[in-house]
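According to TrEMBL, the features are:
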type	residues	note
DOMAIN	9-677	domain 'Myosin motor'
BINDING	G102, E103, S104, G105, A106, G107, K108, T109	ATP binding site
REGION	554-576	region 'Actin-binding'
DOMAIN	794-973	domain 'TH1'
TRANSMEM	943-966	transmembrane segment
Amino acid sequence: MAELEGLEFGKSDFVLLDEVTMEQFMENLKLRFEKGRIYTYIGEVVVSVNPYRQMDIYGKDNIEAYRGRELYENPPHLYAVSDAAYKAMKRRAKDTCIVISGESGAGKTEASKYIMQYIAAITNPSQRAEVESVKNVLLKSNCVLEAFGNAKTNRNDNSSRFGKYMDINFNFNGDPTGGHINNYLLEKSQWCSDEMLQSFHLQNDPAVYVYTKEGAETVTSNNDRSSHKAVLSALEVIGFSKEEITSVYQILATILLLGNMQFESDGESVNIVGQEVVNHISELTATDPESVNKSLLYRTVATGGGEVIEKGHTEQDACFGRDAFAKALYERLFGWIVSRINSIIEVKDYDPVLHGKNTVIGVLDIYGFEIFDNNSFEQFCINYCNEKLQQLFIELILRQEQDEYQREGITWQHIEYFNNQIIVDLVEQAHKGIISILDEACLTVGKVTDTVCLDSMDTKLAQHPHYTSRKLSPTDKSMDFQKHFRIRHYAGDVTYSVEGFLDKNKDLLFQDFKRLMYNSANPVLKEMWPDGHLSITEVTKRPLTAATLFKNSIVALVDKLACKEPYYVRCIKPNEMKSPVLFDDARCQHQVAYLGLLENVRVRRAGFAYRQLYARFLQRYKMTCEYTWPNHLMASDREAVEAIVIQHGFQDDVAYGQTKLFVRTPRSLFTLEQERNHLIPILVTFLQKVWRGTLARARCRRMRAIYAIMGCYKRYKVKAHFWEVERRFANVRTMADYGKSLEWPTPPAALSQFHSITVMLHRRWWARQIVKNIPPSDMLEVRAKVAAMTALSGERKDWGVSRAWERDYLANARDCPQTSASFIRISKELKNKDEYSQVLFSSFCRKVNRFNKSTDRGLLITDKYIYKLEPKKQYKVLKKLPLDSFTGVSVTTGVDQMVALHTSSQDDVLLCLQRGELCPNQDRVGELVGAIVDHFTRSVTEIFFSLSFILHSFILMLSACNAHYLQGKSTQY
């Protein structure tokens with residue numbers, strides 16, 4: 001059973017119908033057509049309904065979906081049967097064939113193209129050039145053969161008027177290596193011209209020409225120009241030369257001009273109306289105009305004594321000869337095209353020892369059974385062909401069924417079916433069949449008409465149960481006397497009109513035309529007419545009739561098919577309006593009948609409706625039984641299948657073969673399918689859960705592995721960084737600059753903070769090494785300069801870093817020799833009084849008040865107070881402010897000596913430091929700032945260390961309390 005199709009689309013296999021009746025068959029066929037399911041199985045036979053619209057089921061994705069899959073794994077499709085034929089050929093080295101049949105307009109040609117495209121798509125995976133070339137020629141040959149073998153008719157825009165059988169040869173790898181085409185051309189007059197060039201003396205209007213006038217009036221097409229280009233391209237791809245293509249068009253132009261040729265008679269002789277057409281035909285065929293004229297108006301006959309005479313045609317004979325010549329030209333042209341393609345694609349120099357066995361897939365695209373209002377010789381041949389194929393079809397199907405039963409050890413039951421051998425004998429039996437009677441009438445000397453031939457058939461076939469005529473059945477008024485006969489075919493009764501039977505069966509082509517074409521200067525024409533080399537006096541056998549030639553070709557075809565494993569595609573035309581939505585029940589039922597589809601279902605259902613290998617059956621239905629899901633523990637798959645059958649209670653409806661289970665009625669299978677359809681969503685959910693868990697665990701393992709790798713890599717990078725730092729800074733102690741000039745390696749991201757700390761530590765170490773060499777007496781100045789640099793770096797250009805700082809300039813005799821003694825005395829008094837420990841800075845200054853008045857003052861900054869002194873009054877203290885009341889110092893960026901001391905009481909002091917008398921260019925702003933900043937920095941550090949000591953002591957005390965408490969002791973602190 002096909003996957004992915006619910007019951008709303010009907011039964012995907014007609015074998016599974018509840019009852020095998022025409023009503024149920026048609027109901028299922030119609031439902032699937034309306035639901036867009038144009039393919040349905042009968043076992044391994046594909047029933048195809050022409051959708052009359054483009055369907056999105058033939059792309060690359062669809063090809064991949066069917067590639068290598070079993071028939072039951074996907075919905076019915078041409079690709080499925082194509083793949084089955086290909087697998088049988090490749091796996092079992094068996095020759096296979098695909099037989100496509102159906103009436104005109106049923107979609108046979110399109111089906112054959114899709115089959116060829118599928119085979120081309122799945123072969124040659126290595127893209128070997130020679131194999132690709134063969135595939136291209138095989139595909140393009142379809143286009144060429146359609147152009148020359150199909151016709152526009154009232155019923156179909158692309159009606160096949162020929163049968164085509166193509167053998168595709170494959171090597172042991174399953175790649176196409178060549179092929180061969182057989183054609184079964186019937187109607188040589190139904191041809192529709194493509195666009196012709198003016199050099200061929202043609203007009204671009206099919207209605208102008210007799211042979212294409214009917215098609216131009218009834219059928220129109222919008223893509224003739226693109227189709228013509230496609231044919232030209234295909235001819236070039238296949239390998240036709242430009243000269244050969246030109247010759248093809250010249251022959252086609254000749255045929256069209258012959259159709260328009262007219263004759264006139266003056267009572268004694270017949271002449272061609274207008275010499276211009278003769279000249280054109282002569283030019284196109286590369287022959288002499290006089291020879292063309294003579295061949296059309298005269299017939300050269302050799303008498304028994306070897307005398308050659310020319311016998312003039314009557315006007316009717318001339319018309320017959322002209323039409324026979326035109327038909328023969330087209331027939332020879334078509335045959336030459338086929339043989340030319342065969343010469344290109346046939347396998348040459350194939351050595352089975354070197355290359356393995358050469359296997360074949362045959363594709364037969366042939367006309368189906370035809371029943372028209374007026375059935376003539378062509379329908380007679382077509383229906384005879386279908387009788388032969390139906391006979392082969394039933395025999396092969398029965399043979400396959402019987403062989404399978406015997407292989408599996410199942411008792412064979414005799415199947416009743418209609419054996420149409422009696423109808424085949426009616427047509428082809430030697431001396432008694434209709435073809436023999438027609439040939440005998442054609443060979444008879446004298447005036448033998450179609451009516452005389454009908455009388456002969458009535459006489460010889462009067463007792464045949466499948467033959468009748470109005471003469472044999474006088475009361476049947478659906479037939480006319482001396483005109484109709486009826487054959488009871490397997491597909492139904494067909495009434496044939498005998499008119500034209502003999503003319504169509506005879507070879508009306510005179511030897512003069514053959515010699516004319518053989519003597520052409522065009523090598524293509526000469527090659528087409530090898531029988532024209534005989535002179536008029538040479539005795540030759542009478543050529544075989546059209547019916548005999550056709551019979552021989554069909555017998556040969558059947559022999560070819562009989563030795564291959566067959567696969568079938570039965571095509572159905574849903575309506576006559578070419579509508580994608582209309583389903584004509586009566587029309588379709590008629591086709592189902594004459595295609596023998598119901599008979600096929602009955603044969604398939606006669607014993608067991610369904611059979612499947614144990615492994616595949618188990619794989620599909622094991623979830624319906626607790627003993628087989630997810631995997632059984634039984635000795636064999638057969639026992640597991642038996643467990644499934646017993647659990648569902650239809651053990652009386654099955655039989656067990658060697659390798660397969662046989663199910664008698666579809667109802668048992670549907671029970672399993674319903675149970676399976678119910679369980680599938682549950683299993684899918686379960687599998688999704690398991691699969692998601694598997695994916696999550698795998699993802700988790702990957703993430704753990706990733707993090708482990710990342711951790712190892714990070715540790716490696718950290719160690720590598722340490723190693724590099726150690727390598728670079730190994731000798732810094734002995735370097736002159738202690739490693740200050742060394743470049744630090746770039747740290748990994750994890751060590752960015754550590755790197756900053758390390759750099760800082762190195763700098764501090766480096767500074768320590770530098771500071772160690774500074775005398776203790778200079779440390780106060782160094783600290784002040786460092787503090788000033790920290791505060792003023794980048795803010796003030798010159799702050800006195802390059803000179804020595806003396807701090808206490810008022811006590812310096814060099815700075816103020818007149819008053820230094822007085823300042824020293826006052827300084828001691830203030831030190832004793834205010835108990836400060838050191839002088840941070842002292843200097844002369846000019847104080848500026850709010851009114852912009854300035855006066856000279858002395859500035860003394862100690863570690864506790866800031867004093868404003870009056871130098872002129874023995875350094876009298878004018879103002880004293882606690883040092884800790886100051887909140888900041890502001891200086892300018894220029895070279896001036898302005899300083900603003902900010903206090904918490906907003907009683908700011910603005911002053912200008914005076915330069916000393918000995919060094920008038922000294923900048924003392926930096927020294928003042930450095931002294932203050934250094935003092936406050938050391939004070940904060942001392943407070944921090946004091947707090948740390950107190951905190952550490954407190955922690956020790958808590959630890960002691962805790963220890964005593966744990967020992968059960970009580971201590972008070």
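From the backbone N, Cα and C atoms, a Cβ is placed for every residue, glycine too.
On the structure: features taken from TrEMBL.
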{"residue": "G102", "record": "ATP binding site", "Cβ neighbours (10 Å)": "26"}
{"residue": "E103", "record": "ATP binding site", "Cβ neighbours (10 Å)": "25"}
{"residue": "S104", "record": "ATP binding site", "Cβ neighbours (10 Å)": "21"}
{"residue": "G105", "record": "ATP binding site", "Cβ neighbours (10 Å)": "24"}
{"residue": "A106", "record": "ATP binding site", "Cβ neighbours (10 Å)": "24"}
{"residue": "G107", "record": "ATP binding site", "Cβ neighbours (10 Å)": "22"}
{"residue": "K108", "record": "ATP binding site", "Cβ neighbours (10 Å)": "28"}
{"residue": "T109", "record": "ATP binding site", "Cβ neighbours (10 Å)": "23"}
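In terms of DSSP secondary structure, the region 'Actin-binding' (554-576) contains 9 helix, 8 strand, 6 coil.
Predicted-model confidence for the region 'Actin-binding' (554-576) is 88, expressed as mean pLDDT.
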